[in-house]
Structures are given as C-alpha cells and as structure tokens.
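J.: The following feature annotations were taken from TrEMBL:
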ACT_SITE  353  active site, proton acceptor
BINDING   352, 356, 375  Zn(2+) binding site
DOMAIN    61-247  domain 'Aminopeptidase N-like N-terminal'
DOMAIN    280-500  domain 'Peptidase M1 membrane alanine aminopeptidase'
DOMAIN    576-707  domain 'ERAP1-like C-terminal'
DOMAIN    709-840  domain 'ERAP1-like C-terminal'
SIGNAL    1-19  signal peptide
SITE      437  site 'Transition state stabilizer'
C-alpha cells in the first residue's frame, strides 16, 4: 500500500490546501510536471489536511451505495462504498471517518462517473481522530457533485460495536455464528468509510452477499436477490430515507421470524429455537406503532419494522431505523420462565425503541451534546406509550423511580448539564447516562404537566413536522412548544428552559410557613459537598414551575418561581401544604421550622389525604435530605412510621428500600452484632403463586429481598439450592443449556449468592472468558458478585486486576464501565476505602482520565455519600433496626399472607439491646413503645404456645 501511494505521488506535484480550510473558496494550482521518472513528492511531503475532531462542513454526503460481503467462516468482511458528495468549497481533499479498515482502493469520479485520475488515489490516516484523507490531483470544484469510491476490508469485531460477530448455541450444543452491527454513537466508521456525524444525513442503498443458508436484514426491505459467483446470493435493499450513519444496520443470520401488520409490516426475529418467545414482542410492537402514529399524527415512514434479538449485545436495544436490535432479555418473553418484571421490561424497551423512530430517527439532534433530545424523549415516551397500551402494567409507578434515579445522580458535584460539550468518542459515549435519559424524561414530564397534555402534544408534533429528516437543537424544541400559543406557553422561554438544560444540578426549594404566606427559597441541592471542587458554591438559579396543594382546597395550584426567594399566599385556614404535587416537578422540597413534623402528623392521622405519589415523594425527599445533612435521621424515621398503616406498594417499597440500604451498609462493614439482630426463615408449608397485580407481585419479591432473600420466587428456590455443592453444580449445568435468557439471569443471580468465594471467583473467570457466561453479561455478573457480602471485595479486586481487559471489551466511557465501577464501590463507607479507590484509579501506566473516573465514583450512591450517612446513622442504628422490624411485622402479616416470619429468638436478641437504645432516642418514641408492646405480647403468647414454636 505504501509503495503504491509513492508511485502515484511521483507523477505530479501540488500545492496543498491549509490544514483547516475556511468557508472561502480555496483553489489549488498545479505546477508544471517534473520530468518523467523523477519523484517529485514522497509520502512525507503530505501532511494530514485536517486537524479538528469534527469533519469539515464543505463536503456533504448525499447517497451511499454500500456493498458488503461478510465471511462467517474466516470472520472477516470486504466491501465497497460509492458516496455521492456535494462539494461546497474548492479543495483537493476529502476527509471522512474510518477506523480499523484496510483501504485497498480509493478514487473520485465526476457526475458522469468519469475518473478524475487514472491512478489510485493516496489515502492518509489520522488514527487519533479516526479519520482518513483522500487526495485528488484535480481540484474538486465548489457547487459540483462527485462520487467517492472506496474498497475496504476488516475482521469482524470481537466486541459489541461496529460490524461484529455473535454466536449462539443450539440445544444440541452446536455453535452458530452471525454478524450484526451496532453503530451508535461513533462506530459506523468501523464498518465502512463514512461521514460519521449525525448532521450528515444521507440516503443509503445497501447490498449484502451471503451464503444461501443465511438471511440478511437491513433498514429497508429486500427488493431483489440475485446469484453471484461462488454460490453466493446478493440481497439488494431499497434505498433508505435520509438518515444519520449511526442508524444504519445490517444483520446476517439464520434466524426465524413472526410477522404482523400495521400500516407497515412488523417482524420479530430470533434464533430458531427461541422463535416461540417472540410472540409477545410482536403484539407489543404492533400496538406501539399504531399508538405512536396516532399520538404524533405522523405515519411511520418506512415500509417495514424489524425487531431482532441479538445473542451478544451490550446495551438494552438500539433504534436503527427499520431494524431495531435488542439484547435477548429485552425482546424475548417466555411465559413459562419469564417473570412479570421481565414482561414489563420487554414492553418498555420496545416502547422506547419505537419512540425513537420519530424522536431520533425522523428528527435527529445536530450534535451529541443534545443526545437528550433523543434519549430523554424516548425514555419519557416509554411511560406514555405503555400506560396507553398496557394500563394493567401500572407503568406510571415506575416514572417516580426514574426521577429518583435522576435526583441521585444530579445531586452530586459530578453531575453535568443535560446539554453538555462532547467532542471525542469517549466523551460522546459518556453522554448516554442518567442525565440524558432519566433527567431528560423528568424535565419533559414537568414541562408536560406545566403546559397541559394537549399543549405539550401539539408542541412536539409541531417540532417533529418542522424538522422531519433534519437535525435540531435544544432551542428548536422550546420554540416549537412556545409557538403553540396559550397563556401558559408565553412563559416557556429560552431563558426558562436553559436553566434546566444548560446548568447542572437539581434545585432545593425550602418552604417556611409564615401565617397566611408560604416563604420560598431555592438553592442547588447537593448530597455530598467536595470543597476541592471550586464550582460547588457557584450560584444557581432555576425557573421552577411549582405546584402545591393544601387541605383547604382540592385544586392543584401553580406558581412559576424565577427568583432566589419568593412567597405565595395560601390563606390562614390551610393547616398543611404539600409542595410538588405528585412529584410532577423536578425539584426537591425541604419543610423548615417544624414543617416535617406537620407532614409526619398528617401521614399518621390521615395519610390518604395525599396521593401515593405524594407519600412516596415525601419519603424520598426526607431521606435524601438526611444524606445531605439538612434533616436529622430520626425525623426521616419518624416520617415512615406511618407505613404501619400504608396499603400502597410504592411508598412501602420506598421506605423499606432506605432501611435496607442502611442495613447493607452495616452488613458490608461486618458489624455482626447489629446485623445478627435480623433473621428470617421460610415455612416448610409455604405456597407461592403469581397472583395479584404487577405492583403487588413486585412487592412480594421486594419483601423477599428486604428479608435478605433474592428478588424472585424462582431466584429464592435456586438460591437455596446454590448453597451446597451439588445444587450449585446442577444450577450451573442448567444455566449452560437453558434457552431462556430471563431464566439464565435468575440462575446467575442464584449462583452468585453462594458463600463459597472460590465459586464466586470461578464465575468471574467464566465471565471474563466469555464462553459459558457471555461477555455481554460480565458487567451484570460483577455487580451480582459485588452485592454478595462474601463477594464485595472479591469483585472490586477482580476489576482492579482486569481493568485493561474490561476497557477493551466494553470501551472507555461506556455505561458498562460506569456500572462496573459504581457497582463495585457503591457500598464503600469508610475513608480508607475511598482512598483505595482513588489510588487504584491513579495508576499512571493505565493512562486513565482520572477525573472522569473519580467523578464516576462520586456519582454512585456510595463512597463519600455512604461515609457521611454511615457516620450519621451509626449512633441511631438500633432505631433503624427496630423501625425495620416493626414495619415488617405488620407489613408481612398484611401483604405476604404468612409467607415469612421473624425468627423469635432473634427478637429476643434485639430485646437485650433495648438499654442501648435509650441513650440514642426518646423513650416515648412511638416505635420504641410499639416494640415494647410487641415484646410483652410475645412473652404471654410464648407461655401458651411454647410447644408449637420452632426454634
């Protein structure tokens, strides 16, 4: 290749365009040729013509004609691409993206397909920017169109990006291979040379060569199949609509499908032996497409929509236009082995990816800094679409947890604005995070409730229609919403929405009651403050669409708070006020000067005066304020004392979740005296069923988890079996042969519950190897091991030892790497552990972006936050333990139908510690009194039933 380039360059000399062309015309002159045979230029005479990460804007791709021939035996592929380009500036160079491709030929043709040179053109590489530059001896003239033709080849990738190989095993043990793609955000360049930026939308005509025993799929339907040499078939696909390169997709496999019909054809593809698990996904996809067409009032623009389950897939799914790809657990549903949670997950993921066919595909963000326009909308539309199509799944309950997850991330210094600068591929991958997805969804939820459903829907339809097949910015959305003229939309200004998208963090609204008025103050809410961060005290101001309700009115009142302090008239007659009704707003609320006591009293005396969402919101706010030091822990514990009366699952789970977190903090610290105070057992005569609503069944599994059992009845049974050698080995064998990924997930959970550290180490090694446990599941495996008290440090040490391998598998900045780091450190609660983490991430030879990974650590619910909260709860740990016991006693009897009982002897152990409790909280505390009453009753009952009580 090098010698060929030298030969071509010896034929002429040129004057090169500067490395960063301007918008002005730049003509390149050609001096007289040197005498024949005398080389005038060497490769060293040419420097790469572009120094920026982003491509020049003066060459626009219009249409790609792409031919690919993957060889599933040699695990390689060859191909060619002819790109029609529109040149808008005189130049000798075409700069585009390519990574890991062997370029064998490059040439440029004019509009009549005549070669501009009779020689193969030189290609320069800039690996650090993943770009190539192709030199033309003749100037490409502004205003003209040309064709760039490139031949290339590469190995099928080993990971999860680009054009990569995947395998699956049949029930007979045969391993079969397929090839699939995943291009978002910057990996189309691994499969073919292209202008790999979202603003370079173009049409794509794809041809794929394959053996007859395989099928090929792409974004558009096959319009013709022809025989070519070597016994191969060539599928020719219809030209696509205009779209970005990251949405291009192709798969070569031997899968089977089921098909349904909406205004377009819908097909679900899976490995042949998993074909029976595709029917629920087909039902969901048909319903969802019909719903979105009606909701957006825009027909789905492609003639077909394929959904395919890829055996090796890093993320949950990918929205490639017309060919959405999924992890198997995100698409396949087996009624015999999948749980109700699995069903909900499949439904929501399909809703998310099909929403992208409009948000993201039809209208695409201009650049990755606004990826939230794609992901925030798709995440929010999950809830809207599932609520409309499957109301029995009660998906609105999960939106609360989405916003709680956003608050957890956004209340730390390491958060970022929704719209943030991102230039290189690693920075771009980092944009696919909680902020873009969850905070983006919650801000849209707030905006929808502020504007009303009708205005919000009209605004987004206006946005989609105006920018169809184009790219959009943040401001374009606000303009579309504001142009739906109503009294409310007049307040939706660029200034208002920029406070939510261009600055990081979440506001804390502090509420103080002064007679008939409510005094308001807003600050940034921070759970952990790092004095070393110079920005932590920076002034923040939001335009907050407040909502509130009182006992004196059934109306939900609204108020736009645009200044640091404000006040509202609520009247003397209101005895209580609840701010942020149903948590439709993305902000925290702190009730000062006895305000929390008022809320506690209300919940104890008449908790149904507030909706279950308001009750859940109060619990969440209280414990978040505890972690930030705004509220004493005993106040939060007093607040959840009302849970003895609670009948709705969501606030119950929220309160128990915080108590569980405290328990596990102590458990990880090996405080055996305290953790031994709780114990559970299952009765031999138990019966288990799948009856009840989705949330009720979730509650049943959460009760098991709270009682230190796994979070599913099947997982519980498996986990019991996994505690002995024979049962563990049997489960591992079942894992190897199971055809249900949901079933395998439950088995893996059980396998990682073993107390035998050698077994846990063996599982981690199997995950690293990637044969028995797929590499796609390695990050999940690490998190499962880390949750096991016996495996916590084991998982952390595994990550340290194999860091370079993990980065190679999952790519720096990916969500898998973030989850691995957070998952193995989120139970650290001592300064020594934090020091160890920092030390591990500052190893020089790893060349890490240490600030990036330090931010990841501080973004987790653990580490510094856990150090702070552990110090606060230690002196009150008995209060937490007793609270937990009492709630559980009533809670289990009411909701678990006697499935689980507290072991009596453990209660007696707790009773021995009562004297210590007196030093830490008031003896008149109702929980203390309740506990005493319970023990007194138990003494009497034990006298009567001593013979019947099992030890």
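Just so you know, glycine gets a Cβ as well, placed from its N, Cα and C.
Unlike curated records, TrEMBL annotations are generated automatically.
What you see is a predicted model, and the numbers here were worked out from it, not measured in a lab.
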J.: Using DSSP, how many residues of the domain 'ERAP1-like C-terminal' (709-840) fall into helix, strand and coil, respectively?
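T.: The domain 'ERAP1-like C-terminal' (709-840) comes out at 98 helix, 0 strand, 34 coil.
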J.: Write down the Cα-Cα distance for residue 375 (Zn(2+) binding site) and the residue listed as 'active site, proton acceptor', rounded and given in Å.
T.: 10
J.: Where among the binding-site residues 352, 356 do you find the Cβ with the fewest other Cβ atoms within 10 Å?
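T.: 356, out of the binding-site residues 352, 356, has the fewest neighbouring Cβ atoms within 10 Å.
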J.: Could you give the mean pLDDT over the domain 'ERAP1-like C-terminal' (709-840), rounded to a whole number?
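T.: So the average pLDDT across the domain 'ERAP1-like C-terminal' (709-840) works out to 83.
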J.: Going along the chain, which residues six or more apart from residue 375 (Zn(2+) binding site) have their CB under 8 A from its CB?
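T.: Result: 360, 432, 436, 437, 440.
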J.: Inside 8 A of the center formed by the CB atoms of 352, 356, 375, which other residues of the chain have their CB, for the recorded Zn(2+) site?
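T.: For the Zn(2+) site, the extra neighbours are 319, 353, 355, 359, 360, 374, 377, 378, 379, 381, 382, 437.
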J.: Counting every protein chain present, what is the number of Cβ atoms, excluding its own, within 10 Å of the Cβ of residue 353 (active site, proton acceptor)?
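T.: Looking across every protein chain shown, the total is 26.
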J.: Specify the count of other C-beta atoms within 10 Å of the C-beta of residue 437 (site 'Transition state stabilizer').
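T.: Excluding its own Cβ, the number within 10 Å is 24.
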